[in-house]
Amino acid sequence: MRRDHLQPRLLTIASIVVGTVGWSGYALLLPVALAFPILWSRARTRRVAALVSAGYFLAASRGLPQGVAAFYTSDLWPGLLLWLCASGSFVVVHTVLWTKRSDCRPFRYLLAAVLMAVPPMGITGWAHPVTAAGILFPGWGWWGLVATTAGLMGLVTRMWPAVAIAFTGFWLWSAANWTESKLPASWQGVDLKLGSTLGRNTSIQRHRDLIATVKDRASGGVRNVVLPESALGFWTPTFERLWVKALQGTEISVISGAAAIDATGYDNVLVTLSADGGRVLYRERMPVPGSMWQPWGSWLGESDGARAHFFANPVVTVGNSRVAPLICYEQLVVWPTLQSMLYEPDLIVAVGNGWWTKGTSIVAIQRVNAIAWAKLFAKPLVLSFNT
């Protein structure tokens, strides 16, 4: 009887530990998240399954309240509210699909995993355990994803100890042979530490400073230089002409974040600039829900939010390379990367502007997610972040 009383507490505490450690921003700790389905399956009631799901997700996304408070220069309450709301889809899906029947449980968990990987539930599908596939099975590609998914199903059965041992073996093998993600030849990502001024300070001098940074990095065979999300601020013909003129006489191609505005809202974009001109290269598929993407705006007659281009432009072309672009929030959810991988890109370019995440592990988690997917599909990775 005492054991029955303690089990819900122990499972909930364990799920919090798993969420905290697995999503701490260290690539080799990602497989810890695979313990979540074990804990979920050990719940004896739907209520306990809900507590386990909430504990895991809230721990994994623990940096959100502080980040939102920094972004809006407000107290913690708005962030706490968003944190709880964001956990809703994860908790609801895993609570509704939980079952006592052991024969149905693997298929119920598979359905939950799929729902949290694709829209609409996948819009807040952070902390997905399947991301660990890149750590366990580097270079396996789609077969690694299949193996991880099958293993996740096995972890909710009576065979879970054997599956866990197998996963641990692959984990140790991967850790022993771990190497940093390779940077593609002729590409260079630039990390900046310009805080909240990046994209907001749109002075000519700021652009000249960025141009100088680009030219400094474009050496030793580097021809493609990547700048962080929002680095150029608003995308205008004036700034385009400034950059194109500055790049005359060079072979440099710049890929940078910017905002393209029109009468109906704006797109969070990547633009490409060279001596031949500039153009919008990529429009973000999934902006940050709430702060950027505000679907209720159309119902209220407002049009100041970022547009979501859900399944558009999964791969773009830069020179002779096919690129899978990921901007900020897209690195935290599953489907943008997997959609891009269907088109067999040559490399992944992941950018972000995480000044507002100071003191949290959000940027580290974004980087780790990008690294994990690049490892799984054996793709070169270019990272560029502002903090």
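Positions of Cβ are set from backbone N, Cα and C atoms, glycine also.
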Worksheet item: Of the ranges 252-272, 357-377, which one does Swiss-Prot list as transmembrane segment?
Response: 252-272
Fill in: Considering the transmembrane segment (76-96), which listed stretch of 16-36, 110-130, 135-155, 159-179, 332-352 counts the most C-beta pairs under 8 Å
110-130
Practice prompt. Give me the mean pLDDT over the domain 'CN hydrolase' (187-387), rounded to a whole number.
Written response: 95
Fill in: the transmembrane segment (159-179) versus listed stretches 16-36, 51-71, 110-130, 332-352: most Cβ pairs under 8 Å
16-36
